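Going by Swiss-Prot, these are the annotated features:
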type	residues	note
DOMAIN	14-160	domain 'UBC core'
ACT_SITE	Cys98	active site, glycyl thioester intermediate
REGION	164-209	region 'Disordered'
COMPBIAS	171-199	compositional bias 'Basic and acidic residues'
COMPBIAS	200-209	compositional bias 'Basic residues'
Amino acid sequence: MSSQYSNVENLSPQTIRQVMRELQEMETTPPEGIKVLINESDVTDIQALIDGPAGTPYAAGVFRVKLTLNKDFPQTPPKAYFLTKIFHPNVAANGEICVNTLKKDWKPDLGIKHILLTIKCLLIVPNPESALNEEAGKMLLERYDDYSQRARMMTEIHAQPAKCGVGASGDAKDDDGPSTKKHAGLDKKLQDKKKEKLLKEKKRMLKRL
């Protein structure tokens, strides 16, 4: 997943142009809650920020995802990963995402936008029947409140917008201007200490779960 290996040289010029065109369209007119991060030197390395949907345990989080195009794309689906740690039935320990769109339901005319929207939908409606994280799948089916609490806690620890710099909406997070810092420096230090203490406590709770 973290490999620097690229398949650019194995993709046809037509496929590269098609992918680049779609990414640029998404950058100009982004889907709600999704911000694509274009790597112009390697179109096979596609990353995006997805806002956690409201009303889910992932709300208020920002999740970085990665799509890896193989040499046979679009005849074969890309692999998809969460780079941000997440507690979800359809996400493996290494971040790999399991969704039918990227397996038996794949069609060559499904684009990057469709894949990212499908991943966002997976945050709203997980599929515990095809779980890669069996613990999360079982917990969702049998003890939803515990599942929701665990997923929320992971979101608060690992998916805070400050870790990504911006949210998928494009708004800067925790980026105070010089004048703000001048007047609020002490308050910010106190808040940071409180946040750090809270995160440590949550991590201890996670270990006990």
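Placed from the backbone N, Cα and C atoms, the Cβ positions cover glycine too.
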_Averaging the per-residue pLDDT over the domain 'UBC core' (14-160), what integer do you get?_
95
*For Cys98 (active site, glycyl thioester intermediate), write down the residues of its own chain that are at least 6 apart in sequence and whose Cβ falls under 8 Å from its Cβ; none is a fine answer.*
Asn90, Val91, Ala92, Ser130, Ala131, Leu132
_the domain 'UBC core' (14-160) - residue tally per DSSP class, helix then strand then coil_ = 58 helix, 25 strand, 64 coil
